[in-house]
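**Q** As annotated in TrEMBL:
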DOMAIN    B:671-737  domain 'CBS'
DOMAIN    B:767-825  domain 'CBS'
TRANSMEM  B:121-143  transmembrane segment
TRANSMEM  B:217-242  transmembrane segment
TRANSMEM  B:263-285  transmembrane segment
TRANSMEM  B:291-307  transmembrane segment
TRANSMEM  B:319-343  transmembrane segment
TRANSMEM  B:396-418  transmembrane segment
TRANSMEM  B:430-449  transmembrane segment
TRANSMEM  B:512-533  transmembrane segment
TRANSMEM  B:545-566  transmembrane segment
TRANSMEM  B:586-611  transmembrane segment
Amino acid sequence: MQAAGGVRLLALGCVLVLSAQLAESKNSEDIRCKCICPPYKEIEGQIYNQNVSLKDCNCLHVVEPMPVEGKDVEAYCLRCECKYEERSSGTIKGTIIIYLSVLGLLLLYMVYLTLLEPILKRRLFGHSQLIQNDDDVGDQQPFANAHDVLSRSRSRPNVLNKVEHAQQRWRRQVQEQRKSVFDRHVVLS
Amino acid sequence: MKEIKKCFITLLYTRKAQAVKQWMENEGFSKEGSSSSDDELVDLTGTAQDLIDDVPYLDHGSTANHSNGSWAGNAGLLDLLEEGVPGVGTYDDFNTIDWVREKSKDRDRHREISRKKKQSVLALLFSLSDAFSGWLLMLLIGLMSGALAGGIDIAAHWLTDLKEGVCLNGFWFNHENCCWDSKETTFQERDKCPQWKSWAELMVGVTEGASAYVVNYLMYVSWALLFSFLAVILVRAFAPYACGSGIPEIKTILSGFIIRGYLGKWTLVIKTITLVLAVSSGLSLGKEGPLVHVACCCANILCHLFTKYRKNEAKRREVLSAASAVGVSVAFGAPIGGVLFSLEEVSYYFPLKTLWRSFFAALVAAFTLRSINPFGNSRLVLFYVEFHTPWHFLELFPFVLLGIFGGLWGALFIRANIAWCRRRKTSRLGHYPVLEVLVVALATALLAFPNEYTRMSGSELISELFNDCSLLDSSKLCDYLPLSKVGDKGANFSQSSNGLADRPAGPGVYAAIWQLALALVFKMFITVVTFGMKVPSGLFIPSMAVGAIAGRLLGIGMEQLAYYHHDWPMFKSWCSPGADCITPGLYAMLGAAACLGGVTRMTVSLVVIMFELTGGLEYIVPLMAATMTSKWVADALGREGIYEAHIRLNGYPFLETKEEFEHKTLAMDVMRPRRSDPPLSVLTQDGMTVEEVEAMISDTSYSGFPVVVSNESQRLVGFVLRRDLVISIDNARRCQEGIVGASHILFTDHSPSQPLGGPPPLNLRSILDLSPLAVTDHTPMEITVDIFRKLGLRQCLVTQNGRLLGIITKKDILKHMAQMANRDPDSILFN
């Protein structure tokens with residue numbers, strides 16, 4: 001589980017680096033100057049958008065075509081409010097894609113744990129040594145199963161052994177948490 | 001060393017399992033209302049694997065405590081203990097830490113480093129890095145929390161808009177970003193652009209009309225149900241601790257309680273993912289409380305990188321205090337407010353050093369969030385407002401009115417929510433958490449869609465309500481009639497910079513008033529049911545929304561009153577026609593602050609957060625007026641804020657620091673054993689054998705035993721914890737030569753003369769706390785409670801004339817306080 005945490009941290013670091021890089025490459029689409037001009041005399045209110053940089057972000061550059069002419073331009077432009085805005089579409093894209101992939105992975109893992117793993121285990125190990133996280137199997141002997149795991153897994157290589165062991169421990173913890181939160185309502189009512 | 005560890009690990013499996021099984025057969029589970037021994041450890045059988053959790057991070061062989069000076073003469077007995085038995089000095093799950101021991105451990109460590117640093121350059125560098133590690137940790141916490149909060153914001157915005165439609169430019173854009181550089185937005189309809197298609201457009205092909213409305217409605221409801229279903233099953237399957245707000249449990253953890261797994265990796269991942277889902281499903285909840293939990297999880301995980309914080313529970317809690325400040329800082333974009341929130345609401349011990357470090361961490365997090373830029377305009381929060389119109393002191397009356405409303409709503413909300421949560425805890429409602437979430441989400445979505453003000457998310461609603469109407473706005477709330485159409489046009493348009501004169505309300509405003517009133521009623525009731533469900537849920541945004549709606553309604557009312565009756569005496573002096581007197585946006589802001597203050601009973605932190613949100617220093621006085629009124633009214637109706645009420649509902653052993661203990665009881669009224677109880681279980685310093693001690697451990701379930709000189713004199717030597725005893729005896733039996741049931745256990749530092757041929761004795765002086773705190777039996781309880789609070793004690797011994805008489809534990813004090821307040825003393829569950 002420590003390795004998993006380290007991997008997570010690494011992934012987070014990648015996200016940060018990635019987003020920093022993406023922020024630097026300023027897409028011309030990612031900047032805009034938005035001018036909002038309220039109704040003036042007979043002219044309706046309008047919103048103008050252009051991809052200009054900060055120095056050109058004023059009424060004269062952005063409002064095109066200018067609906068009034070001559071001396072009214074100044075009065076019209078005084079009421080308009082122009083704001084310069086930036087965004088990073090790369091960050092947004094990256095974040096959404098990472099989020100959806102993590103969500104998808106979690107859902108797949110949940111489906112695997114609840115549906116597929118019992119079937120696989122039954123096929124591999126037979127009914128006698130079924131390791132199930134049944135809620136009715138009493139946890140009076142919390143480590144009965146762990147003994148089985150340890151004794152059975154001598155023949156398997158060490159890494160798989162550790163992973164299996166860690167996973168069993170984690171599942172037991174989650175089961176305990178679920179009991180105290182959902183069933184007995186002791187914590188976090 | 002490896003054999004010792006292996007020896008120890010296999011030992012733990014068998015011994016603890018047996019002990020737990022035996023304990024369970026003897027005592028049964030301890031639940032609320034149990035009438036058996038009051039000092040029972042609530043052993044939820046999860047503690048066995050917690051010992052395993054402890055082992056990995058103790059492989060440096062930490063020795064537990066400070067009383068290890070006198071080993072040198074007993075090398076033969078103690079070569080094991082010198083290396084440190086792993087597990088000694090750690091705590092069971094759902095137990096309270098011993099602050100005194102942890103703090104003195106840290107002081108010893110620091111003294112050791114300072115002593116050694118003069119010896120070599122390497123040691124000097126090590127001491128520098130040790131001093132620097134705190135700041136590095138804060139920096140990392142700020143970076144990680146800021147990044148996570150930015151991700152959560154972006155994802156939540158996208159998923160919220162996904163309920164309404166999808167962007168053809170790139171599915172990852174939300175509505176606002178989709179129409180970002182479109183030239184087809186108009187002044188009246190600022191969010192229409194061809195790239196954004198609502199579901200009705202995509203599926204049926206029409207944008208207006210009844211069929212489009214029905215299709216949109218159905219899609220909205222189905223997306224809401226899907227999101228809430230995913231959220232609750234993920235929480236249930238992977239991390240049940242990720243539900244709820246998190247702040248009551250973090251408060252308890254910061255006061256010294258241990259909840260293993262509450263701040264773990266899986267909880268972090270699940271909380272982040274499901275928070276986005278829960279917020280996007282339209283449920284009436286916010287994300288500020290869960291963000292505090294997320295930040296604390298980040299802090300806890302990063303603490304494992306630094307030995308100084310990994311091994312010491314007290315230092316870790318300092319870091320967690322700073323992390324709570326970070327959580328609020330990224331939620332609101334208010335670093336100072338975050339630090340004050342941590343100081344006022346969440347932390348138990350807040351040394352001054354933590355203040356500076358919290359501020360640093362909060363700033364780093366705010367800066368990280370800003371650079372990720374989730375809102376596209378370099379703002380940190382969605383509802384950042386910038387009006388500066390002045391207010392008049394006569395307006396203090398409506399402000400106080402808002403405060404009263406906030407206080408009333410806060411008190412009623414707390415009562416209703418606690419009653420609902422208690423029903424969920426005790427009745428059949430609690431057996432169907434998934435179904436409950438689905439039903440509430442369905443009800444919320446069905447009722448929220450028709451009203452445009454409930455259809456938008458909480459933050460958007462607040463942002464719109466805080467907004468002061470100017471010429472540039474075209475929303476329904478700003479649909480005022482122009483003052484006059486003919487005549488002097490120039491004079492009627494605004495003189496002040498961004499405000500407009502008070503004008504009569506147009507039809508849009510009246511429609512908005514009705515919708516807002518309905519939204520207010522809806523939100524007031526649905527939040528009671530939503531907070532506390534088994535998905536991550538926060539309270540700040542819904543409370544602020546309720547307050548903002550009420551405030552805005554009052555503000556519009558005042559505005560229209562000032563316009564239509566400008567010749568009344570109270571308006572004549574300061575509100576001439578054509579002037580901009582009343583700012584409904586300000587009323588909304590004050591309403592939000594009042595309601596939030598009424599629910600959480602925050603004072604200074606709330607004012608600071610609100611003015612950091614708005615940048616308006618000139619509104620401090622109205623804010624304080626509204627917040628103080630709200631707190632007074634709410635306190636008159638109920639003493640506790642929502643978080644304290646939830647702590648009490650769950651029975652956590654939290655010793656409230658804000659209340660005074662005002663009864664005249666003495667220590668001997670509270671101590672155990674009472675007259676009818678069996679006498680105090682003590683160990684003698686050299687008279688007991690291993691068998692007798694094990695019998696005492698298995699017969700009772702006390703978490704510690706005092707050690708006395710002898711049973712006749714009852715003079716106090718020290719105090720030893722049950723967990724340490726169990727671990728040390730088991731270790732000695734397995735790994736030490738010659739220890740059998742008849743071996744004597746010694747707590748002295750010299751071994752008395754042994755009969756020849758007898759088994760070697762077992763010296764356990766290293767696990768003995770030689771300085772337990774003791775009070776006399778006539779000490780008033782006021783002072784005793786003060787000692788417990790200020791020093792963070794778990795237990796305190798009671799002596800009479802120098803002889804040990806009894807023991808007072810934190811749980812006894814909590815029960816006593818409950819009894820004094822006529823509450824059920826059996827509701828205190830944990831140790």
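Yeah, the Cβs are placed from backbone N, Cα and C, and that goes for glycine too.
TrEMBL labels come from automatic prediction, so no person has curated them.
Model, not experiment: these values are computed from the prediction.
If you look at the structure here, what lies around each of the features I listed?
**A** On the 0 to 100 pLDDT scale, the model's mean across the domain 'CBS' (B:767-825) is 89.
Same-chain neighbours of the transmembrane segment (B:121-143): 113-114, 295, 298-299, 302-303, 305-306, 308-309, 319, 322-323, 326, 357-358, 360-365, 367-368, counting only residues six or more beyond its ends whose CB sits under 8 Å from a CB of the stretch.
Long-range Cβ contacts of the transmembrane segment (B:263-285) within its own chain (Cβ-Cβ under 8 Å, at least 6 residues beyond either end) map to 148, 151-152, 155-156, 159-160, 162-163, 220, 223-228, 230-232, 234-235, 238-239, 241-242, 246, 253, 291, 293-294, 296-301, 320, 440-441, 444-445, 448, 455, 457-458, 523, 526-527, 530-531, 533, 535-539, 541-542.
Cβ atoms under 8 Å from those of the transmembrane segment (B:291-307) belong to residues 57, 60, 133, 136-137, 140-141, 144-145, 148-149, 152, 242, 245-247, 250, 253, 263-265, 267-268, 271-272, 275, 316, 319-320, 322-324, 326-328, 330-331, 346, 365, 536, 538 of the same chain, restricted to positions at least 6 beyond its ends.
Here the transmembrane segment (B:319-343) has long-range neighbours at 134, 137-138, 141-142, 145-146, 149, 250, 253-254, 263, 287-288, 291-296, 298-300, 303, 309, 349-350, 354-355, 357-359, 361-363, 365-366, 369, 379-381, 384, 540, 602, 604-606, 608-610, 612-613, meaning same-chain residues at least 6 beyond its ends whose C-beta is under 8 angstroms from one of its own.
Tertiary proximity for the transmembrane segment (B:430-449) is limited to same-chain residues at least six positions away from its ends with a CB under 8 Å from its CB atoms, namely 216-217, 220-221, 224-225, 227-229, 231-233, 236, 281-284, 424, 455, 522, 526, 529-530, 533-535.
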**Q** So which residues does the transmembrane segment (B:545-566) touch in its own chain, when a touch means Cβ under 8 Å and the partner is 6 or more beyond its ends?
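**A** Apart from its flanks, the transmembrane segment (B:545-566) reaches 395, 398, 401-402, 405-406, 409, 453, 458, 461-462, 465-466, 477, 502-505, 509, 513, 516-517, 519-520, 523-524, 527, 572, 575-577, 581-596.
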**Q** Out of B:217-242, B:512-533, B:586-611, which stretch has the largest tally of CB pairs under 8 angstroms to the transmembrane segment (B:396-418)?
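**A** It is B:586-611, which has the most Cβ pairs under 8 Å.
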**Q** Can you tell me how the residues of the domain 'CBS' (B:671-737) break down into helix, strand and coil by DSSP?
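**A** Counting residues per DSSP class in the domain 'CBS' (B:671-737), I get 24 helix, 17 strand, 26 coil.
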